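Right, one structure below, let's go through it.
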Amino acid sequence: MVDRMGREKACLITGTCIEGRPVEILIDETGTIAAIDEKISGSERSNAEVIIDGSGTLAMHTLANTHTHAAMSLLRGYADDMILQDWLGQKIWPLEACLTGEDVYWGTRLACIEMIRSGTTAFNDMYFFMEEAARAVDHAGIKAQLCYGFIDLNDHDKREHEIRATEALVTSIKGMQNPRIKPAVGPHAVYTVSPEGLAWLAAYSASEQIGIHVHLSETEQEVLDAQKNSGKRPPAILDQAGCLTDRTIAAHCCWLDQADCRLLAERGTTVSHNPASNMKLSVNRAMPYPWLVEAGVPVTLGTDGCASNNNLDLFEEMKIAALLQKFAQNNPTCLPAEEALSMATVTGTRALGFGSGLLVVGEPADIMLIDRMVPCNTPLHHQTSNMVYACNGGAVKTVLCNGRVVMQDGVIPGEEEVLNNASRAAADLVRRAADQAE
Ligand SMILES: CSC[C@H]1O[C@@H](n2cnc3c(O)ncnc32)[C@H](O)[C@@H]1O
Ligand SMILES: [Zn+2]
């Protein structure tokens, strides 16, 4: 907990429940969970200078969104109901060509508010003007792994430019020395980055010991083009360049075959499943969850950007993931609620390197308090079932990140300013793009 002077303070959450057990949670001044007990003892509780009344709530670890483009919140509803390549080529990329750093700042602030409201405190982001995204995450008080989206289109000069932009972002984020913000590298996809670009990114990420964030095998066209142009499937192209590592998060992965899944498992690569975006863009195949699990690949959850989702609510994503897999496999036992929740908490948080994703002593206090007294939690036969199948992010009342309260009883300080600036930035962006098109 941080007071108005910016000093860290120990804090106590009273009156909440973990898995049906009434508890109090003590958080020390470093933002770590110090104790969880029915009643915290007198001497320990006297350390707590701040008390959060959690009565009528369920305490859970917050959620981790492992694939998004946060500032695309400004593009929400700008282009819907199109196929992926037309959507990118005709609508999204022309608009993004008019983006400014200020747009990315306000778009990312807006995204952070939306994520906090729905219980997400860690995300994996790929976009442009990422120094501004880092500033926004810093101000919002949550956690992120940020990368510059590298696209060289096989062009030498573009590649040099993207290399410089990648290095500048990594240097800038490392210079911030903020443990909540990490740099990564971001090859957009095998169809937008040359083999030379991929090899440079792999070597650079290894030397800096940072993550790799990439779109992979999202559409059948991507796989067919890769095979036609290089004789290899997309995962093999990434692997040949050295981009499949245990620091890699590969988003989508809808068109993997079983051998691709085994390759990802051998390399220790994590997959980010983005079911809402995949269905909206109609990629025509569900990520092969059973093959990935059988191979031993960690599977996490992402929303993708707001232009293809169109929100950042991971509660919705858990439900959509569970339903899509059951439907695609014609098997109601596939992806049960417990697995959907683990994907969004434990596996996602670990993949981003922000802790175990568990609400236990010694871990960062990334905690959400969920309203118990709402229809979606009435009755509460099985808490996990309610979280995955009944609730959406609207049930989240209070959120802490590293012990700092970022939303209390539905109130996020500074929200109105962010909404006003993001609305203005979105309108100006669309106007600039229309002027450009004339
Ligand atoms: C280079 S920054 C990221 C880049 O990716 C675009 N994008 C958003 N959603 C998708 C998707 O589903 N597949 C491929 N690319 C996507 C985004 O608009 C940026 O240009
Ligand atoms: Zn994406």
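Glycine residues also receive a Cβ, built from the backbone N, Cα and C atoms like all the rest.
Marked as domain 'Amidohydrolase-related' by TrEMBL: 63-406. For His67, His69, His215, Asp304, the entry in TrEMBL reads Zn(2+) binding site. Annotation comment: TrEMBL describes Glu96, His188, Glu218, Asp304 as substrate binding site.
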Sorted by sequence, non-His67, His69, His215, Asp304 residues with Cβ within 8 Å of centre, Zn(2+):
Thr68, Met126, Ala251, His252, Ser272, Asn274, Ser277, Gly302, Gly305
Could you tally the C-beta atoms, other than its own, that fall within 10 angstroms of the C-beta of Glu96 (substrate binding site)?
21
Contacting binding-site residues for ligand 1, chosen from His67, Glu96, His215 when the Cβ sits under 6 angstroms of any of its atoms:
Glu96, His215
Enumerate same-chain residues with a sequence separation of six or more from Asp304 (Zn(2+) binding site) and a Cβ-Cβ distance below 8 A; give 'none' if the list is empty.
His67, Thr68, His69, Ala251, Asn274, Ala276, Ser277
Please check each of the binding-site residues Glu96, His188, Glu218, Asp304 and report the ones with a CB atom less than 6 Å from an atom of ligand 2, ordered along the sequence.
Asp304
Which one of these binding-site residues, His67, His69, His188, His215, has the sparsest Cβ neighbourhood, judged by other Cβ atoms within 10 angstroms?
His188
Specify the secondary structure state of His188 (substrate binding site) as given by DSSP, simplified to three classes.
coil
